[in-house]
Amino acid sequence: MSHNTFGHLFRVTTWGESHGPALGCVVDGCPPGIALTAEMIQVFLDKRRPGNGKFVTQRQEPDAVRILSGVFEDARSNGQRTTGTPISLMIENTDQRSKDYSEIAQAFRPGHADYAYFAKYGVRDYRGGGRSSARETAARVAAGAVARLIIPGVTVRAALVQIGPHKIDRSNWDWAQTEQNPYWSPDAAIVPVWEEHLEKIRKAGSSTGAVVEVEATGVPAGWGAPLYAKLDAELAAALMSINAAKGVEIGDGFDSAALTGEDNADTMRMGDDGQPVFQSNHAGGILGGISSGQPIVARVAFKPTSSILIPRETVNEAGEEIELRTKGRHDPCVGIRGVPVVEAMTACVLADAFLRHRGQTGREHFPLGASA
């Protein structure tokens with residue numbers, strides 16, 4: 001299987017399967033001299049860790065990360081720091097139940113990657129989906145923790161803004177609330193509505209979709225590139241690569257189609273510091289594929305989890321029509337744990353964009369009035 005690596009200068013290769021002994025990633029391109037410990041990565045893995053709530057998978061994984069390479073500590077380094085060599089991170093799987101999948105070893109689960117993998121490779125890991133499992137995203141979150149250290153002036157944070165048909169009230173948006181409920185919701189009032197919906201879904205043995213919104217602040221104007229390496233194209237590709245992601249929009253996204261030119265254009269005035277100030281952010285912080293200095297805003301739509309308890313019609317490898325009921329432990333709403341994954345992928349894209357921009361121009365950005 002190819003294409004397990006993403007990024008250009010900041011490159012991440014993930015490895016491992018849902019029911020294998022371990023999974024992890026190799027991060028290449030991290031500059032030397034950056035303080036890095038397992039504890040700094042673990043903070044973010046704990047946000048994604050399964051078994052933390054009633055409406056996520058009950059698979060109990062500690063997701064304890066080990067740094068196998070790429071760091072060094074001696075009397076001169078003032079703590080453990082990156083060396084500039086590949087950073088290898090490993091997370092052991094400790095709570096697999098492969099027997100839950102023995103009855104579907106030859107069946108293609110509707111809505112899952114089973115059939116597509118089999119059609120391409122002629123072989124597949126049916127135990128939890130192998131590489132197609134959301135378990136793979138633990139490695140992405142670990143890589144994202146490293147990426148954040150390369151861009152310390154940038155803040156990346158995400159929130160759940162919709163579960164099923166129920167959207168937040170944006171007038172209630174409060175980032176502090178995302179740490180006060182298990183759904184990372186910025187709107188406290190929507191939480192009981194979501195819980196009622198999720199309880200109905202859980203009792204029915206079904207699943208539901210969700211939308212995650214991510215915001216990156218502190219990104220200066222100038223990161224990215226025109227045409228074929230647009231920052232929004234790189235970000236959209238990274239977010240679409242997340243398991244169960246089915247749609248991405250930047251800024252106003254599809255809603256911009258209903259606007260007029262005068263409504264959609266982000267007008268500018270001069271600020272007291274001599275730099276332009278935008279009066280709106282319909283573009284989501286990216287213009288012409290290059291960051292504008294505005295907050296970068298994107299949303300990701302996650303489909304309902306394909307593995308559900310309700311019997312469905314499908315076929316098996318022998319070409320027989322069968323009825324399938326999936327066993328195992330699965331997320332009624334995979335979008336809940338998608339929040340830290342969306343943050344991680346955004347951080348990786350921005351770290352890569354920063355390194356590429358610095359390599360091309362030698363500086364972070366060109367303030368208005370500055371000479372090249």
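For all residues, glycine too, the Cβ spot is worked out from N, Cα and C.
As written in Swiss-Prot, here are the features:
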- ARG48: NADP(+) binding site (BINDING)
- ARG131, SER132, SER133, ASN243, ALA244, GLY288, LYS303, PRO304, THR305, SER306, SER307, ARG329: FMN binding site (BINDING)
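Take the binding-site residues ARG131, LYS303: by the count of other Cβ atoms within 10 Å of each Cβ, the lowest one is LYS303. Neighbour counts of Cβ atoms within 10 Å were compared across the binding-site residues SER133, THR305, SER307; the minimum falls on SER133. Rounded to a whole number, the distance between the Cα atoms of the residue listed as 'NADP(+) binding site' and ALA244 (FMN binding site) is 15 Å. Cβ neighbours within 10 Å of ALA244 (FMN binding site), excluding its own Cβ and spanning all shown chains: 23. DSSP assigns LYS303 (FMN binding site) to coil in the three-state reduction, placing it in neither a helix nor a strand.
Taking the Cβ of the residue listed as 'NADP(+) binding site' as centre and 10 Å as the limit, one finds 25 other Cβ atoms among all the protein chains shown. SER133 (FMN binding site) carries neither a helix nor a strand DSSP state and counts as coil.
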